[in-house]
Structure formats: structure tokens, C-alpha cells
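Below is one structure, written out as C-alpha cells; comments come after it.
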């Protein structure tokens, strides 16, 4: 317990407090800035924090990490543009809620969900980091990763809210996009047209900002004169009422568990967890039909899940020395230079530092939650800005943010091109969610399978017959078949019901 | 590196500092007098900030080394050094970009070992003759390791086992220096290795510890934590002398296979710098590498400071280029 006291005491240093506040401001800002990810902010800050004491430096970096996870929800909800990839699923229900005049409620619920997710994952980190991370590292080889990713791909069915066919087509489009670039296992270039700028494939950041943010912007541009789209002039209520709080319980539990699990898998982060969490919560929900149309359960699920990966990533990073996500990769670089080697040894040699890390994350979460709940009143004014100014500003931010990822204009052009794709998809009723999912998971599945086959000396049966792999692939099959059958049945029923009650059909635009 | 080299380095750097300080005509020292550029009146380079292009994302090894050097260069040349990250295509994006810029000394690049590999591995237009290679500034030697509960106690054990049946050996990615190292070891010893690429060195090391693969070739930095914890058994260091972070662990040569593989890095410019600018930059880089701050930085980062001047590094890069073309082509 000596380490505990020491670790906590080192946080009482006023300079550490200063570092926390600095990280908080930076994190919320970069999170809310589409294109600028937490990784980039942490990496740039790392250049400066190397001269600080480790605890001070960690305070800046970890607080940016946590605060960005709150900031990135804001543009997702208000303007359909994910601040960072972790908040892709937030747009599914957040933006529809905002359009319904319930932006305030969406922001509050999103912040609460995020806080619960992080705090739960921190408990895990403090209690069982080393055994858990070691176990995950032993159990999860490439074959198991492959199965997990295949399971993730089955979500395409549930995020195809309107038409299953269009959703799956969009998913295939996403898989095709993901196939562009260098295949990591063989290092062969595919569909790059011989261009160096295409060797890494389509920039994921450029695609998500283009499809969601710029696509929405173009759509508004096209409808502007008709003034069909009402600006989000009111944020509505801030606090959820009793029944709404009740609705948050189940998705928090389900998607929180998803987030904790996904967080422990090194190659998967908040973006994947948000999507899977949203899907699982929908599967157990009593009102799955509301998901994607402004469901409180939906936004709770996506944000709890993506935030719950933070503790998991921290666990694999600190207990194994394997970066849990890209932010943590930068963090390891900094720690090595401070002379701290993350790994099981960290917990026995420097328990004080482990306590400090958990303490910093805890304080950062509480501060971020506080700011998120108070700060937002100013947002009303921001949204009173006429639409043409608001969207013009957003466009500038998106361009700058995307450019900053590579310092290369090609990435910006890609983003604008995907804006055009986004508006076409939107106007033809193809959902953007499956596109992103396919692009995110397709290459991952292929890579893990390739690696697993190498290890198994090319024996496919050996790969899929591993117990955990087989179990997860079985689950994937079930989660693929059940909703499709259910949907077909429901359609038959609905058709019958519709014949009897034609007035009940609801006109509901979807953001997915 | 050996202490004698370091001492000489510091001495030369101190000398060059005084030379750069009063007149930038240090070119006269190394280049023949009749050279047109050297005969010109006193050069005023640099007159404006210099941009240093880094081929990887901020926060990684290349970026941190570049920034540590840029701090010193900025002091020595008395101008701002702007570090700009242009990641992509394993570094080819940045290297092709720099090659196309004017050779005036105001754009430099950090050149990792990939500068000698990308032409072979990706067919990228990255050739040693496209650049003025100004000086090598660091080296991260490779190590080969197995899990602590592995039956293989020595490199000899591992290779003996791999002669009977193929063993899986992880690396940081296809076309990486560590894949080349594993291939060279297999070629030299007759062992059968199945090379398994990962997304970087740390995941590859973790895969060995987790029992997914039999062995791993990685940078010394990535193996340090596991070695210290006792979860990883480092079998050999792929360098010509003992690594300070791995006391008692044999070099590959001591283990019977004289192989040297390392992630080196240096500073390059577009080919065809004016002679005086080339000399000024080369001297400044040498001095920056010798500075206490830079040396301390690399020590903390777990890397070795191995300096090569422009001529030596150019020869070395060309040799490596040929070697990788044979190994990976």
C-alpha cells in the first residue's frame, strides 16, 4: 500500500494539477475538431512533455486522451461529423436526436455514458490488469482476432436500418474501399494506380469526415434554397427524466461489457467497440426499431462502449507493453524515453506510477464530465449562427483537420471526393454506416486470416477449428441469420398489418 | 559505439563549431580548392528557416530522433528548424517528395533504413543517388528473442530446431528490416523460418510472449521491457558489440552467425546541394550528434549513437541497398 500512498501523493503536486488542466483544455478542443484525433494531439504534445517529470507529462498526455473522448461526441451529435473515429456510432442516434431538437439531451447522455464507460474500465485496470492482459494475449492470436472481426462484420445487417439489400451493398462497397492499398502480409500494392499517395489506401479519417460531415454539408447545400431542413435552433432539455435514465441502464451494461472486451484486444479500439456496442444493445433492446432514429438507448450504447475501451487499451499497454491503440503507441514512446518500460514489471517495480496513472485518468474523467455538462450552454449561441456561416466554418475545420493528418493535399481531395459519395449515398438511400464498417474491418479480417494461415502453415482447417475461433464464428453465423430471418418475418407481418392500418406508418429520416 | 570514436567526434565537432562560427567556408577543409562553389565568397547559408521532413507520424522513433536532432541543429545553425511529418507508404511519400524539391539546403529529410529498401520492397522511386546523404545519426540494433518458457536456450538451439521443421518468426512487417534479418539468418544457417509480419515491433514481441509464434526479430528497444521482466529471452544481438541494455547476451557473431542488422537513421537532402551548403550542413549534423543533449536522448530511447559522415554513410547506404535487393528482391 506504500506505492498507493506515494502514487496518490505525487498527484497532489500543484504542477500536476496545472498539467491536468492543460490536457483537459487541449483534449476537449482537439476532440471537437474533426480530423484532429487524440493520437495526433498526444503525439504533438509528447514533443514538449518529454522535458517534464514523468507524472507531469503523463498528466498532460492521459488527460488529452480522456478529454478528447468527450470532445469528439459534440460534432458527431450537432453536425453529423465524428470528431474522432471513436464517435462514428455516436452519429447514428446523436444527429437524429439533434435534428429532433433534443441535442441537449443527446450531449448529456453521451457524456454520462462516456464517463461510466471509462470509470468501469478503470476499475478493471486497477484490479486485474496484469492477469487479464496476459490471458488476453495468450488467448487472442490472429485466428481468434479473425473470428472476432468476422463477428464485427455481421453488424452490417443491423446498421442497415431501412433496406437490408442497400445496407449490404453499402457494406460490400466499404469492403472494396478497404481492399485498396498495400496488403500488409505480402506488401503487394492493390488498386493504387501506381500512385505513391494511394499505397496506404484511402485515408480512414478522410473517408469518415467526407461521408458523414461533408456529405451532410453538401446535402444541406442542395436543399438550402428550399429551406426544407430546419437549423438546430434549440438544444431542448439537458437532463434526462426518470424514464429516460431507466432506458440508459441496459445498454450501458451490455455495451460497457463489449467495450471492456474490445479494449483488451490490441488491434481493436473505440471505433470498432462503438459499432459493436451499439449493435449488441440493439439486439437486446425492447425497441430496436428506434435505433438509428434518435434512440436514447442507442447513443448510450455507442458512447459507453467506445469509452470503455480506454481502460482496456491502458491495460494491454501498461501490463504487456503492447500499444492498446494508436494513442498508447505514442505513450509508450514517451515512457521509454523517461526510462519507464511498460510491461508486467511496471506493476511490481513502480506500483506508485500505476496508481498515479489510474488517478490521472480518474480525475481527467471527472473533470471532463463536469466541463461537458456545464460548458454546453454556450453551444446554443453557436447554433444560432445562420446555417451558411455554420457550415462554411465546419468545412474549413474539416479541411484543416484532414490536411493535418498527413500534411498532404491528396488527403483533403479524398475527403471532398467522399463528401460527394456521401451525398449520393444519402440521396439514394444507402446507409453510410456499413461502408465505414466494411472499410474498417475488411482489411483487418484479411490481415489476421493471412497471419493465422502463415502460422498454421497454410492449413485453413487448423485455423477455424481452434475452440475460441470456432465459437466466435458460430456466433457470427447466428447473429447474421437470426436478424435476417426476423426481419423477413417482420416484413410479412408488417405487410399484413399495413394493409389493415395504413395510417400508422411513420415518416422517419435516418442518420445511419 | 566505442568511446574513442565518440571522443574524436566531439573534438571534431568542437573544431567545426569554431569554424562555422566565424566563416562558413568549412568546405575549403574537405573539398579541393578549385571547386567552383568553394571558391565563391563567404556563403550566407542559412538565411531562413530549414524544414526537416519526417517520413512517419509524430511520436514514433523517427519523429523523436528528428526532433531531438533539430533542437541542436537549430542552435548550431542559428535558424529555426521546422519539423514536418509527411507519413505514408512506409516512408516513400516523404522521400519522393523531398527528392523533387530544390537542392538548396532548406529542405532536409530524416532517412531511416527504409531509404535503402523501398525501391526493392515497393518499387518506389527511392534510390540512394536521388539524395545527398549528409550523415548517419543513430542506430537501433536488432535482437532475436524467444519466449521465456521456450525450449530454446541459445540461437544454436533455435536454428537446430528450425532445420528439422519450419519455425514461425515474427517481424514488424513484410518488407521491414527485421524480415530481412530473419531471411538472412535463415539463408546463412539453412534454418527454415516462416516469417510472420505484424503491425510494428511491439505486437510481434507480444505474439512471442503470448505463445502465438516461436521467435521474433525486433529492435532492441522493443525487446527491453520483456527482457527486464523475464517474459522474453533474448538470444542474440545483431550488432558487432555487446548492447548496453543487454549485458551478457552474445552478439550474433559470437553465436556463430556474423550478421549485423539495425534500424539506422540519418539526414538527407535532395541531390545536388551546393558544396558549401553541403559542408555546412554536414558539419552541423556532426556537431549536433556529438552534443550531450542528443547523446542523452538516444541513450534514454535505448538507441546507440553511431555517427557516419556524408562520404561513409553514402557508401554504407549503397552497400545496404544492394544487400536488401538481394535479400528481399
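In case you wondered, yes, glycine gets a Cβ from its N, Cα and C as well.
Copied over from TrEMBL, here are the features:
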DOMAIN    A:18-437  domain 'DUF112'
TRANSMEM  A:105-133  transmembrane segment
TRANSMEM  A:139-160  transmembrane segment
TRANSMEM  A:167-186  transmembrane segment
TRANSMEM  A:201-218  transmembrane segment
TRANSMEM  A:252-278  transmembrane segment
TRANSMEM  A:320-341  transmembrane segment
TRANSMEM  A:353-376  transmembrane segment
TRANSMEM  A:388-405  transmembrane segment
TRANSMEM  A:412-430  transmembrane segment
TRANSMEM  A:468-486  transmembrane segment
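For the domain 'DUF112' (A:18-437), the model's pLDDT averages out at 86. The transmembrane segment (A:388-405) and the transmembrane segment (A:201-218) are in contact, since at least 3 Cβ pairs between them lie under 8 Å (pairs 6 or more apart in sequence). Packing against the transmembrane segment (A:139-160) from elsewhere in the chain are residues 92, 166-168, 170-171, 265-268, 272, 275-276, 278-279, 282-283, 288, 291-292, 431, 433-434, 437-438, 441-442, 444-445, 448-449, 451-452, 455-456, 463-464, 466, 468-473, 475-476, 479-480, 483-484, 512: each is 6 or more residues past its ends and has a CB under 8 Å from a CB in it. Counting residues 6+ beyond its ends, the transmembrane segment (A:468-486) has Cβ neighbours under 8 Å at 139-140, 143-144, 146-148, 150-151, 153-154, 157-158, 164, 283 in the same chain. If one looks beyond the transmembrane segment (A:167-186) by at least 6 residues along the same chain, the residues whose Cβ comes under 8 Å of a Cβ in the stretch are 153, 156-157, 159-161, 192, 198-202, 207, 425, 430-443, 446-447, 450-451, 454. Non-local neighbours of the transmembrane segment (A:201-218) in the same chain are 34-35, 37, 75, 79-82, 85, 88, 91, 95, 177-178, 180-182, 391, 394-395, 398, 401-402, 405-406, 411-412, 414-423, 425-426, 432, 435-436, 439-440, 443; each lies 6+ residues outside the stretch with a CB under 8 Å from one of its CB atoms. Listed by sequence, the residues of this chain that lie at least six past the ends of the transmembrane segment (A:353-376) yet keep a Cβ under 8 A from its Cβ atoms are 3-4, 6-8, 10-11, 16, 20-21, 23-24, 27-28, 54-55, 58-59, 62-63, 65-67, 69-70, 104, 107-108, 111-112, 114-115, 118-119, 122, 125-126, 129, 235, 238, 310-311, 314, 318, 340, 346-347.
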